[in-house]
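Q: I'd like to ask you about the structure that follows.
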Amino acid sequence: MKLSAALLAIAAFANVASAQDCDTPATVSGYSNSALPDPFTFNDGSPVTTAEDWECRRSQILALIQGYESGAAPPEPESVTGTASGNSLSVQVSYGGKSITFNNSITYPSGTAPAEGWPVIIAYEFPSLPIPSNVATLSFQNSAMGKQDSTSSRGQGLFYDLYGSSSNASAMTAWAWGVSRIIDAIESTPDAKLNPAAVGVTGCSRNGKGALMAGALEPRVALTLPQESGSGGDACWRLSRYEEQQGSQVQTATEIVGENCWFSAGFDQYVNNLDSLPYDHHLLAALVAPRGLISYANTDYVWLSGMSSFGCMTAAHAVYEALGVPENHGFEQVGGHSHCQWPSQLDGSLNAFINKFLLGQDVSTDYFESNNQFNGVTWSESQWINWETPTLN
């Protein structure tokens with residue numbers, strides 16, 4: 001049986017969490033808050049004051065996101081086998097007497113691979129941002145892993161062939177699981193010539209939502225690059241609702257659950273009572289901390305909920321600040337280009353984050369900018385953030 005690094009990390013933390021009596025319920029009864037929930041307060045109301053506290057709080061947030069919207073992570077597979085052939089990595093996964101195989105095409109840099117392998121960015125379907133020539137690209141067909149045709153495709157795809165169509169894992173959880181299995185295969189397949197310690201993940205639009213979820217759920221992802229993910233991605237549910245109330249036609253939680261199966265079926269019961277959620281997507285992004293994260297937003301498309309993305313990532317940035325690594329989290333928001341079309345003016349921040357987190361270079365990644373074009377809706381930090389940012393040592 002292959003024990004993945006992720007499972008080892010979870011098991012190691014479980015011992016620490018148990019010693020600290022870290023309570024991680026899937027839901028919290030009686031919660032009500034119209035503002036963005038405090039990252040630095042435990043479920044029981046006590047404060048998060050140390051970096052060790054944050055590890056427990058992070059586990060709480062992870063449990064809540066799985067309990068309310070993404071669905072539970074499945075049991076670990078019994079085996080994961082990778083086979084490298086030419087420009088392809090085949091991944092075979094077995095569990096409960098069943099097996100699935102999925103193939104991933106790879107574009108390699110020219111020349112001889114470093115001893116540790118090439119850094120690699122896993123792109124959902126295909127990359128819509130420019131990946132440097134010294135970084136490999138692995139194209140992951142996430143829609144085959146968990147179909148996203150409509151709500152009627154719930155429970156369909158390779159993931160559900162293995163774990164059953166009744167699994168409450170959302171399509172995005174299935175995709176994140178697929179990313180984890182790719183990393184397992186990279187770790188165990190030296191012939192793939194990819195560095196498992198230098199893995200990024202990216203996607204745009206609906207796949208951008210998935211890329212952020214993968215970065216949050218899989219701790220071996222060194223750099224997360226969601227692009228124009230909007231509501232359900234780097235935008236917060238509460239803030240998107242507010243934008244709609246102010247007259248903007250944006251994607252909201254109530255709309256999104258009727259559009260597709262990106263979230264678990266259980267999320268439906270909360271979308272008309274968002275104040276009952278003891279988290280929002282600033283806390284989803286906070287799960288990535290202290291690893292590298294930069295998200296890209298496009299204000300030309302009101303549907304993407306621009307104020308919500310900016311405000312949500314502003315709130316998430318507080319966690320990076322508390323951990324002493326604000327430069328590890330970036331945000332860039334511009335207009336003047338089509339949806340999922342990359343504007344060259346963003347090359348600087350993208351290359352900086354790739355150079356730092358995948359190539360190990362000592363470069364500045366101090367990028368957090370917006371054009372503040374929010375269709376007439378104003379972001380007011382004091383309206384949404386009513387908590388202080390501590391220093392977590």
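Just so it is clear, glycine is given a Cβ too, placed from its N, Cα and C backbone atoms.
Swiss-Prot lists 1-19 with the feature signal peptide. What Swiss-Prot records for GLN20 is pyrrolidone carboxylic acid, and it gives a curator's inference as the kind of evidence. If you look up Swiss-Prot, you'll see CYS22-CYS56, CYS204-CYS340, CYS236-CYS312 marked as disulfide bond. What Swiss-Prot records for ASN103, ASN168 is N-linked glycosylation site. According to Swiss-Prot, the motif 'GXSYXG catalytic site motif' annotation covers 203-208. Taken from Swiss-Prot, the feature active site, nucleophile applies to SER205. Swiss-Prot lists LYS209, GLN251, GLU259, TRP303 with the feature substrate binding site, giving similarity to another entry as the kind of evidence. Summarising the annotation, Swiss-Prot assigns active site, proton donor/acceptor to HIS339.
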Q: Residues with Cβ closer than 8 Å to the Cβ of CYS340 (disulfide bond), same chain and 6+ apart in sequence?
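A: Result: SER128, CYS204, SER205, GLN227, GLU228.
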Q: Which of CYS22, CYS236, CYS312 has the fewest nearby Cβ atoms, counting only those within 10 Å, among these disulfide-bonded residues?
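A: Comparing Cβ neighbour counts within 10 Å for the disulfide-bonded residues CYS22, CYS236, CYS312 gives CYS22.
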Q: With helix taken as DSSP H, G or I, strand as E or B and everything else coil, how many residues of the motif 'GXSYXG catalytic site motif' (203-208) land in each class?
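A: Summed by class, the stretch gives 3 helix, 2 strand, 1 coil.
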Q: Which one is closest to HIS339 (active site, proton donor/acceptor) in space, judged by CA to CA distance, out of the recorded positions ASN168, CYS236, TRP303?
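A: Checking each of ASN168, CYS236, TRP303 against HIS339 (active site, proton donor/acceptor), the shortest Cα distance is to TRP303.
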Q: Which secondary structure state does DSSP assign to TRP303 (substrate binding site), in the simple three-class scheme?
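A: In the DSSP reduction, TRP303 (substrate binding site) maps to helix.
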Q: At the Cα level, what's the spacing in Å between TRP303 (substrate binding site) and CYS236 (disulfide bond), rounded?
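A: Computed Cα spacing between TRP303 (substrate binding site) and CYS236 (disulfide bond) is 13 Å.
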Q: Looking only at CYS56, CYS204, the disulfide-bonded residues on record, which one has the least crowded Cβ, with the fewest other Cβ atoms within 10 Å?
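A: Checked CYS56, CYS204; of these disulfide-bonded residues, fewest Cβ neighbours within 10 Å: CYS56.
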Q: Compare the C-alpha of ASN103 (N-linked glycosylation site) with the C-alpha of each of the recorded positions CYS22, CYS56, LYS209, GLN251, CYS312, and give the closest one.
A: LYS209
Q: Return the residue, from the listed recorded positions LYS209, HIS339, with the maximum count of other C-beta atoms within 10 angstroms of its C-beta.
A: LYS209
Q: Between 0 and 100, where does the mean pLDDT of the motif 'GXSYXG catalytic site motif' (203-208) sit?
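A: Mean pLDDT across the motif 'GXSYXG catalytic site motif' (203-208) comes out at 99.
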